[in-house]
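Heads up: the structure comes next, in structure tokens.
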């Protein structure tokens, strides 16, 4: 017989048999080796075929092992040959293939030949219950009336079980999540499926709106007999395109597999509905030069109604791939799946609540569900409901479960800090100077304090963890019982159903109630101590997840933050002197937004700061960023003098398609995408090209901006500050006049420079006063304090006398240039002389650097601290 006429599976089995014989030092390959190889390969299908023929497969393997041990062994001879008995069986296999009209010899015919074999392999199968007629019937059933005409003839059998996932079976087992709502879409899908031709719906919607869930809902309705008569008993099979493509090395293999799937579907007489997720991947799948792709192979079956198909894809991909192929598009009927509103999302989350509680072993409260829907809708703008809301619930549950299973976050932070200090202690121990010794004492003291705190927390944690036991296992048992009850109800076995419903289920629910109350009592008994383990997901936990994901502080304000907001003016006045109106207006805007009273569709605040140079416009913006985020890093500063040309607008929002830099994104839009909660400073705004203001219109009004790539960037959580020197000559000339009078004059000047629609969208135009002599002294004190902080890092202290302070303020005061000359005065009169004295060794660690004004000059006299 010709070995090249064996199927790939049979060739593989013979090669495995040869390896098995060589490993066991058998000189000849016998039928029992081939039988062992066939049963050892899960992809061969031999085991399932024998089981279908009534053979007790579990009795075959031990008998094969025993027969292999009884074969003669030859040491040192690697030349393994085909035995006479195997040759005889292969000849009979060849004759059987010829009788059946097969071009290639398949492995199941080898099993058929073994039925008449007098050797060990035939005896083992007959003892396990093999009958030739039963095996022939099983082979005919598997082949489905087809001959083996190719080397891959065996591989493409039972293609549906290999390349699809049965969603109706998963629904029967209770493995699918419940589908809430979407009744109109499911009804429309059923309606299309009942058509005579072109009965193929395609679900089109944005990612995460629930397209796959609609198909799962259909599968659940079929299982529960909640569908029209024509759909009852049908199966919904999800096509696994990755499995179809994987391992198809040569041209034609993928097409053979897909053809086998289509053939089995045609033979099932419409009993199967195929679901193709990401339908656009079929258009072009397996495409090679001169070959058909999967989409073209599906067209005839779709048009004739042989293939019941449900597709799912996004709007963009449908337009890009499916609409281009008009012949494929006309075979599908569109079902548009929109994004559910917040109320519908809350209903969906309530339906999924029990599943997520069971998975994470925590309790999800109703306020958490409402918060997940509302906060995700407001703050996560680049994704869609209900997916983004489900993600919040899932992540909050995972976070609390992680705290229960591992160390609580507060203990973990303490542990890491202790390790860090221990490493630092070992490094400092090697040094002998005074500074290192002092640092070592500080480290030892802090370590002792942290270790005590850690030990206290550890005691509380162990006690709480001991209390939180048992509820998870009981909940899982209740879930299993409910799934079993649903299956019994479908089968009509009401006696067993009643036994579970009125016996086992109430008992489990009573146990769960007792375990919950014990857990609550454990948490309440130590009310004086902090509770480490949380077992509930509440609105606060959802807000924490949103805050971490977006950087936006949406969590409920703690008392400390409330007090901080009420004293906001005091904080800003520490850095900005003499601008009471500006500080008050900015503080009011921030308080409105944090209290939840501001318009949620606009930025927190948009201000135009006007005034002469050096009066604190930019400094107030820096102070605001420092107040909100404890860091000036969250200030996005854009110098508008860089945008003087018309084409420079593209730098703000990104270049349009076809231009260089399209992939890079815009300077402003990318910065806000990364830090959605920030202060945006547009410095010297009057120097920008007028077209730049057209871009800012939608930012100021709607809190959104579309970048060059078509993505919407959310500005609703930003504070926008624009600074300008316009009208500064009026402000200086009208010094001392009422604020409203000055503002009126400056407003007239603004109207000549900016368009009305731009000015109309700004929340407040803030006029900064020119600085006076008493303001300069306060600013000098702030500047000298910063210099003192820099000296403290070198273990020196700055001491400036009142006379020196007054002289610095006098020499640094210039009504035209504001506070900037003061900085230069401090540099020249204080910093330069002190720098020389430090380098000369006059001042060193633990010294006081005194600054005094005597006899018309600054004096620096060294004294020990």
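Every residue, even glycine, has its Cβ placed from backbone N, Cα and C.
Listed in Swiss-Prot:
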REGION    82-145  region 'Repeat 2'
REGION    158-339  region 'NBD1'
BINDING   205, 206, 207, 208, 209, 210, 211, 212  ATP 1 binding site
REGION    340-551  region 'Linker'
COILED    390-524  coiled coil
REGION    561-770  region 'NBD2'
REGION    771-865  region 'C-terminal'
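Annotation for residue 208 (ATP 1 binding site): spatial neighbours 383, 384, 385, 386, 387, 388, criterion Cβ-Cβ under 8 Å with sequence separation of six or more. Within the same chain, residues at least six positions away from residue 211 (ATP 1 binding site) with a Cβ under 8 Å of its Cβ are 203, 204, 205, 277, 312, 313, 337. Considering only the binding-site residues 207, 210, the Cβ with the fewest other Cβ atoms within 10 Å is that of 207. Within 10 Å of the Cβ of residue 205 (ATP 1 binding site) there are 21 other Cβ atoms, across all protein chains. In the region 'Repeat 2' (82-145), the DSSP tally of helix, strand and coil residues is 45 helix, 2 strand, 17 coil. Apart from 205, 206, 207, 208, 209, 210, 211, 212, the residues listed for ATP 1, the same chain places the Cβ atoms of 312, 314, 337, 339, 384, 387 within 8 Å of the centroid of those Cβ atoms. Listed in sequence order, the residues of the same chain lying 6 or more apart from residue 212 (ATP 1 binding site) and placing their CB within less than 8 Å of its CB are 277, 312.
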